Amino acid sequence: MTPGVVAVRPDASLVEAAQLMRAQDIGDVVVAEGQHVVGVLTDRDITVRAVAEGADPLTASAQSVCTPDPVVVAPNDPVSAAVALMRAHAVRRLPVVEDGLPVGMVSLGDLAEAEDPGSVLADISRADPGHRQASPGHRQGTGS
(Lines of atoms letter the chains of each structure in order from A and count residues from 1; the text may use other names and numbers.)
(Lines give C-alpha, C1' and ligand atoms only; values in the text may rest on other atoms or scores of the structure.)
Protein backbone atom coordinates (compact mmCIF):
# COMPACT_ATOMS: atom_id res chain seq x y z
CA MET A 1 0.00 0.00 0.00
CA THR A 2 1.11 3.52 -0.71
CA PRO A 3 0.12 5.50 2.38
CA GLY A 4 -1.60 8.83 2.03
CA VAL A 5 -4.10 9.81 -0.60
CA VAL A 6 -3.79 12.44 -3.28
CA ALA A 7 -7.25 13.77 -4.01
CA VAL A 8 -9.05 16.25 -6.22
CA ARG A 9 -12.48 17.80 -5.91
CA PRO A 10 -15.20 16.43 -8.19
CA ASP A 11 -15.29 19.75 -10.09
CA ALA A 12 -11.51 19.86 -10.68
CA SER A 13 -10.60 20.01 -14.36
CA LEU A 14 -8.77 17.15 -16.01
CA VAL A 15 -5.82 19.51 -16.53
CA GLU A 16 -5.69 20.18 -12.77
CA ALA A 17 -5.82 16.46 -12.04
CA ALA A 18 -3.13 15.65 -14.63
CA GLN A 19 -0.84 18.38 -13.31
CA LEU A 20 -1.25 17.02 -9.78
CA MET A 21 -0.47 13.49 -10.97
CA ARG A 22 2.67 14.77 -12.70
CA ALA A 23 3.78 16.77 -9.65
CA GLN A 24 3.25 13.78 -7.34
CA ASP A 25 4.62 11.27 -9.90
CA ILE A 26 1.51 9.09 -9.63
CA GLY A 27 -0.95 7.60 -12.10
CA ASP A 28 -4.19 8.16 -10.23
CA VAL A 29 -6.00 10.42 -7.81
CA VAL A 30 -9.00 9.90 -5.60
CA VAL A 31 -11.96 12.11 -6.46
CA ALA A 32 -13.34 13.17 -3.10
CA GLU A 33 -16.12 15.35 -1.77
CA GLY A 34 -14.76 16.27 1.64
CA GLN A 35 -13.66 12.94 3.14
CA HIS A 36 -16.04 10.86 0.98
CA VAL A 37 -14.53 8.96 -1.95
CA VAL A 38 -16.61 9.73 -5.05
CA GLY A 39 -14.37 7.94 -7.53
CA VAL A 40 -10.89 7.20 -8.81
CA LEU A 41 -9.39 9.04 -11.77
CA THR A 42 -6.41 7.53 -13.60
CA ASP A 43 -4.08 8.94 -16.23
CA ARG A 44 -5.61 6.40 -18.60
CA ASP A 45 -9.13 7.69 -17.84
CA ILE A 46 -8.00 11.17 -18.87
CA THR A 47 -6.43 10.04 -22.14
CA VAL A 48 -8.84 7.28 -23.21
CA ARG A 49 -12.19 8.29 -21.73
CA ALA A 50 -11.83 12.03 -22.19
CA VAL A 51 -9.19 13.39 -24.57
CA ALA A 52 -9.48 10.58 -27.14
CA GLU A 53 -13.26 11.08 -27.14
CA GLY A 54 -12.91 14.82 -27.79
CA ALA A 55 -13.56 16.19 -24.29
CA ASP A 56 -11.91 19.50 -23.44
CA PRO A 57 -9.50 18.76 -20.56
CA LEU A 58 -9.71 22.39 -19.45
CA THR A 59 -13.44 22.17 -18.82
CA ALA A 60 -14.23 18.47 -18.31
CA SER A 61 -14.47 17.61 -14.62
CA ALA A 62 -12.74 14.83 -12.75
CA GLN A 63 -16.13 13.47 -11.68
CA SER A 64 -17.36 13.27 -15.28
CA VAL A 65 -14.52 10.92 -16.26
CA CYS A 66 -13.58 9.03 -13.10
CA THR A 67 -14.65 5.53 -12.18
CA PRO A 68 -17.47 6.23 -9.71
CA ASP A 69 -18.02 4.42 -6.43
CA PRO A 70 -14.80 2.39 -6.63
CA VAL A 71 -14.38 -0.91 -4.88
CA VAL A 72 -12.12 -0.48 -1.86
CA VAL A 73 -10.08 -2.55 0.57
CA ALA A 74 -9.30 -2.10 4.25
CA PRO A 75 -5.70 -1.81 5.51
CA ASN A 76 -5.83 -5.25 7.13
CA ASP A 77 -7.50 -7.10 4.25
CA PRO A 78 -5.39 -10.01 2.99
CA VAL A 79 -3.51 -9.63 -0.29
CA SER A 80 -5.72 -12.35 -1.75
CA ALA A 81 -8.81 -10.18 -1.19
CA ALA A 82 -7.24 -7.26 -3.07
CA VAL A 83 -6.18 -9.58 -5.90
CA ALA A 84 -9.70 -11.01 -6.15
CA LEU A 85 -11.26 -7.53 -6.27
CA MET A 86 -8.79 -6.32 -8.91
CA ARG A 87 -9.49 -9.38 -11.01
CA ALA A 88 -13.27 -9.23 -10.62
CA HIS A 89 -13.47 -5.51 -11.42
CA ALA A 90 -10.59 -5.31 -13.94
CA VAL A 91 -8.78 -2.53 -12.06
CA ARG A 92 -5.10 -2.01 -11.30
CA ARG A 93 -5.47 0.18 -8.23
CA LEU A 94 -7.76 0.18 -5.20
CA PRO A 95 -8.31 2.87 -2.58
CA VAL A 96 -7.58 1.70 0.94
CA VAL A 97 -10.32 2.92 3.29
CA GLU A 98 -10.43 2.76 7.08
CA ASP A 99 -13.50 3.84 9.05
CA GLY A 100 -14.90 5.36 5.86
CA LEU A 101 -11.83 7.53 5.21
CA PRO A 102 -9.27 7.00 2.43
CA VAL A 103 -5.84 6.21 3.90
CA GLY A 104 -3.89 4.96 0.89
CA MET A 105 -3.85 3.20 -2.46
CA VAL A 106 -2.83 -0.34 -3.31
CA SER A 107 -1.60 -1.08 -6.81
CA LEU A 108 -0.92 -4.17 -8.85
CA GLY A 109 2.79 -3.52 -8.25
CA ASP A 110 2.26 -3.36 -4.47
CA LEU A 111 0.58 -6.77 -4.60
CA ALA A 112 3.38 -8.20 -6.72
CA GLU A 113 5.94 -7.03 -4.17
CA ALA A 114 3.93 -8.50 -1.30
CA GLU A 115 3.43 -11.87 -2.98
CA ASP A 116 6.76 -12.32 -4.77
CA PRO A 117 9.40 -9.63 -4.15
CA GLY A 118 11.65 -11.28 -6.75
CA SER A 119 9.11 -11.10 -9.58
CA VAL A 120 9.69 -8.97 -12.65
CA LEU A 121 6.59 -6.88 -11.88
CA ALA A 122 7.82 -6.23 -8.34
CA ASP A 123 11.22 -5.23 -9.70
CA ILE A 124 9.66 -2.84 -12.21
CA SER A 125 7.40 -1.40 -9.51
CA ARG A 126 10.41 -0.57 -7.35
CA ALA A 127 12.23 1.23 -10.18
CA ASP A 128 12.75 4.97 -9.73
CA PRO A 129 10.39 6.61 -12.23
CA GLY A 130 12.69 9.62 -12.43
CA HIS A 131 15.39 7.47 -14.02
CA ARG A 132 13.48 5.92 -16.90
CA GLN A 133 15.49 4.94 -19.90
CA ALA A 134 14.29 4.64 -23.46
CA SER A 135 14.13 1.10 -24.76
CA PRO A 136 15.87 0.20 -28.03
CA GLY A 137 13.90 1.58 -30.94
CA HIS A 138 12.06 4.08 -28.74
CA ARG A 139 13.07 7.69 -28.28
CA GLN A 140 11.84 9.33 -25.10
CA GLY A 141 9.75 12.42 -25.40
CA THR A 142 9.11 12.13 -29.13
CA GLY A 143 5.90 10.14 -29.01
CA SER A 144 7.39 7.47 -31.26
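Backbone N, Cα and C define each Cβ position, glycine as well.
Because TrEMBL annotations are produced automatically, they should be read as predictions rather than curated entries.
These features come from TrEMBL:
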- 1-58: domain 'CBS' (DOMAIN)
- 66-124: domain 'CBS' (DOMAIN)
- 122-144: region 'Disordered' (REGION)
Across the domain 'CBS' (66-124) the predicted model averages a pLDDT of 84
Could you put numbers on the helix, strand and coil content of the domain 'CBS' (66-124), residue by residue per DSSP? 24 helix, 16 strand, 19 coil
Reported in the order helix, strand, coil, what are the DSSP residue counts of the domain 'CBS' (1-58)? 22 helix, 18 strand, 18 coil
